[in-house]
Structure formats: C-alpha cells, structure tokens
Amino acid sequence: TNSFPWLTIFVVLPISAGSLIFLFPHKGNKVIRWYTLYICILEFLLMTYAFVYYFQLNDPLSQLTENYKWIQFFDFYWRLGIDGLSIAPILLTGFITTLATLAAWPVTRDSRLFHFLMLAMYSGQIGLFSSQDLLLFFIMWELELIPVYVLLSMWGGKKRLYSATKFILYTAGSSIFLLIGALGIALYGSNQPTFNFETSANQSYPAALEILFYIVFLIAFAVKLPIIPFHTWLPDTHGEAHYSTCMLLAGILLKMGAYGLIRINMELLPRAHSIFSPYLIIVGAIQIIYAASTSPGQRNLKKRIAYSSVSHMGFLIIGISSISDMGLNGAVLQIVSHGFIGAALFFLAGTGYDRIRLAYLDEMGGLAAPMPKIFTMFSILSLASLALPGMSGFFAELIIFFGIITGPKYLLISKILITFVMAVGMILTPIYLLSMLRQMFYGYKLFTAPNSYFFDAGPRELFVSISLLLPVIGIGIYPDFIFSLSVDKIETLLSNYFYSF
C-alpha cells in the first residue's frame, strides 16, 4: 500500500488553491485565468501520475485508501479510496474541468468568484467519486450544488434566476432523500452507527426495509441523473447557464447520479436492485423515446442538446439495470463517452452563441459558409452523439444492447421488446441532431444582427473542441482502455451480490 495521501490532496488542492484567487487584484483577469488553468492542469497531471503508478488494474478492492477520524463525537471518518468504478469518472472530471476553465476565457465579470466556483466544483466532484463513506458522499454531493447555483444565477441567460431557483429546489430537495437514506443505513442494526461503505455492503436488511432504502436513494439519484419525470430542471438549467458551466453539468454532474446508482443502490442494496431493475429498464426505454421525440420541438439550441442528454441517460439506466457484466461495463463506457460528447456539443453551441448572439434555431441558418471550422466540429460531434460506428457512443450503446440480450435475468420476449424500443430511440436520434445541423448551418440567412461581423473558431476554441473529439474517436477505436479499468470490479460486484440469489 501507498501511504502518501494522494486522494486527500486531489480533493483539497482545487478548493484551497482556489480560495487564494481572492488575494489577486480585481483587475488582473488574465492572471486569474492562467492561475486557475494551471491549478486544473497540475491536478490532472498529478491524478494521472498517481493512477498510472499506484493503481493496480486487476485488484477489485478499493485502493489508495485513506481513513482519518474527523469528528470524534459521532464516529465520522474522512474515508477515501478508489476502485475500477471511480477511476474513469475521476479522470473524466479532471479532463473536462480543465477544458471548461479554458472555455470560460471570455468571462470577465467577477472573474475571481467565477474561477473560484469552478475550482470548488472540481473538489466536490473528486471528493464524491472517491469517498468511501456515506456521510462524506452526502457532504460532497451538497458541496456541488452551491457553485452551480451561483454560476447559474450570476452568469446565466435572461431567465437565469428562474432556472437557478428550479435547479436548487429540485437538487436540494433530492439531497434530503440522500441524507435520510444515509442515516437510515448507518443507524440500522449495529450497536454503533457507521457510514462505512464496506461495512454497509456486507450488511443485510429485512426485505421491506431494503426496498424502502432503495426508493429513498433512487429519488435522490433520479433527480441528478435525470430520470423521467424528475428531468425538467435540466433543459432549463442548460438553456440558461454559461456554456462552461454546461460543460461541467453535462460532462460530470449527470454522471454523479449514475455513479451513485451503481455505488449505493447496486452495491449496498443488491436484493432491492434485483426487484426494481425490470421497472427501471422500462423507465429507461420510455426515457430514450420520450426525450428523443421531445427534442425536435425545442427551439432553443442548448435545450435541444439537453434533451439529447436525457435520451442518452436512458441507455445508462438500462445498462445499470441489466445486471450483466456487459450491460454494466457498457454503462461505465457510456458515462465516459457521453461526458466528452455532451461537453463538446455545449461548448460548440456556446461559441456559436458568442459569435451571433442567437439562441433559437429558427433564427439561424446558413452558418456553414462564414464559420467552416465550427461547422465541421459540430457536424463530427453530432455524428458521435448519434452513435456513428468508430465513435465512443456507438460502442457504449452497442454493448448495453448486448448486455440486455445476453444477460441471464430477463425473459426473451421482454428482451426483444426492450431492444426494439432502444433501436427506435437510436433511429429518432439522427432526426433531431441532423435537423439541428440543417437549421443552423444550411440554407441562406442574411444576418441583420447589429454586430454581424463573422469570424470562425480561434486557436483556443479549436484546441478545446479537438481535445474533446480525440478521446471520443480514441475510445471508439479502442474501447478496451475503459473496460480494463472497470471490468474486474464489475465482475466482483456482480458475483458477490447478484449471482448468488
């Protein structure tokens, strides 16, 4: 074992370095931007170094673990550790936060606060993915909400206060359920309350109580993941937020819900997960169709992309509920793949908005000629989003298909029905994505906007979009890289808890 506290450093570094931003002069916008970017890059490089050198791929147990007593009074520990499930989301967080910081270059108003909030989110996300303690998990979950709320309400669009209020009501409301579930599990059955994941994973509960816990946690994660009908905060939030915030929301925040579903609902409450998974699969299938058919009706470009996110999350729910090796690995791949694609699409939508100041698709048109680089990147990434073979989305969705079909759990007729519904969803996806491209880039439109000087993507924007595109193609060609991280952990998880009953 490695005794150096790597994970504590990863959790504490961004927010503590971020708090130094307030010592900078208010006018030195350039200094603040570079400082934040350097912190993000340093953190990402440190994480990559630690994981390459100290993380054993074939060990399904949690590694780099740290356990410090934090509050003596009621046995509260600072417990961190990573395993095959959390390593991919952590690296994804580092990568996307770094690029989102670079994407936020044009933000000049109150830039000290803006960059501090970005770094605070970074800490919360890393803390959530590496916590091995239910109460710590809850604290990190909450730490995430405040920066998003402030980023939304200060740097958002015209309806920003409405969408920020909606966001905080939904997500803070769901957090109450998370806290109730965490306390329930901690206090049940033992003479000493414990929030430790490992202890809770080996605990067995009466069936009715386990189902109750499961429902409580499911509500908390359903809001974050967005599972229909808890999804309505998402399009509003995305429609109004600054695009660098959108990158973090689409790239990482939604994945926290999926991660919680695997980490808590599956690992700690396996019997209830077996009972609920058929219903979750139906919900996932409905979600794919519903969001894909609602998306073409959205006039706002970012709302249309947000609905596509909701549709892709349907595949994730089906993968998690398939209770098969393939389905779960496909879900982990979908988490990573959609993280890159979602962040890239929101970034390109935002850079387009910076140029033409139009948010609605029916006001756009003919942008391909003045903005060929943005047009090219947008087209390639839209194709990645509709699961073009050779791109990461294709593999993720294909493996979830296989996971459902080959899984031992369901009857053949229900597998065929679900696969049929998923296939219909995959047919609807090109309809809304290609019509979006057509409305934006093709045809003729004379812009009478007052600031109608056109210029294409600069080097910074090209760098961000290419950096997001390369992993999408890389994973599409060689998905084994992601599987090698998660496959042992998932096999252990399923054989310990699911194949036994």
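Glycine is treated like the rest: Cβ placed from N, Cα and C.
Predicted automatically and left uncurated, TrEMBL annotations should be read as such.
Over in TrEMBL, the protein carries these features:
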TRANSMEM  6-24  transmembrane segment
TRANSMEM  36-56  transmembrane segment
TRANSMEM  76-105  transmembrane segment
DOMAIN    131-419  domain 'NADH:quinone oxidoreductase/Mrp antiporter transmembrane'
TRANSMEM  135-155  transmembrane segment
TRANSMEM  167-191  transmembrane segment
TRANSMEM  211-234  transmembrane segment
TRANSMEM  246-264  transmembrane segment
TRANSMEM  276-293  transmembrane segment
TRANSMEM  305-323  transmembrane segment
TRANSMEM  374-405  transmembrane segment
TRANSMEM  411-434  transmembrane segment
TRANSMEM  462-479  transmembrane segment
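When Cβ-Cβ distances below 8 Å are used as the criterion, the transmembrane segment (374-405) is approached by residues 281, 308, 312, 315, 318-319, 322, 324-331, 333-334, 336-338, 340-342, 344-345, 348, 351-352, 355, 367-368, 415, 418-419, 422, 426, 429-430, 433-434, 436-437, 440-441, 456-457, 461-462, 465-466, 468-469, 471-477, 479 of the same chain, each at least six residues removed from its ends. Sequence-distant neighbours of the transmembrane segment (76-105) (same chain, 6+ residues past either end, Cβ-Cβ under 8 Å): 7-8, 10-11, 33, 36-37, 40-41, 43-44, 47-48, 51, 55, 57, 60-70, 114-115, 118, 121-122, 125-127, 129-133, 135-136, 195-197, 242-245, 247-248, 251-252, 255, 259, 262-263, 332, 335-336, 339-340, 343, 347, 350, 460-461, 463-464, 467-468, 471, 482, 485-490, 493. Counting Cβ pairs closer than 8 Å and at least 6 residues apart in sequence, the transmembrane segment (411-434) and the transmembrane segment (305-323) reach three or more and so form a contact. For the transmembrane segment (305-323), same-chain residues at least 6 beyond its ends with a Cβ under 8 Å from one of its own Cβ atoms are 225-228, 231, 234-235, 237-239, 250, 254, 258, 261-262, 266, 273-274, 276-278, 280-281, 283-288, 290-292, 294-295, 298, 330-331, 334-335, 338, 342, 345-346, 349, 385, 393, 396-397, 399-400, 403-404, 407, 409, 418, 422, 425, 428-429, 432-433, 436, 494, 498.
Spatially, the transmembrane segment (167-191) is not adjacent to the transmembrane segment (6-24); fewer than three Cβ-Cβ distances between them are under 8 Å for residues at least 6 apart in sequence.
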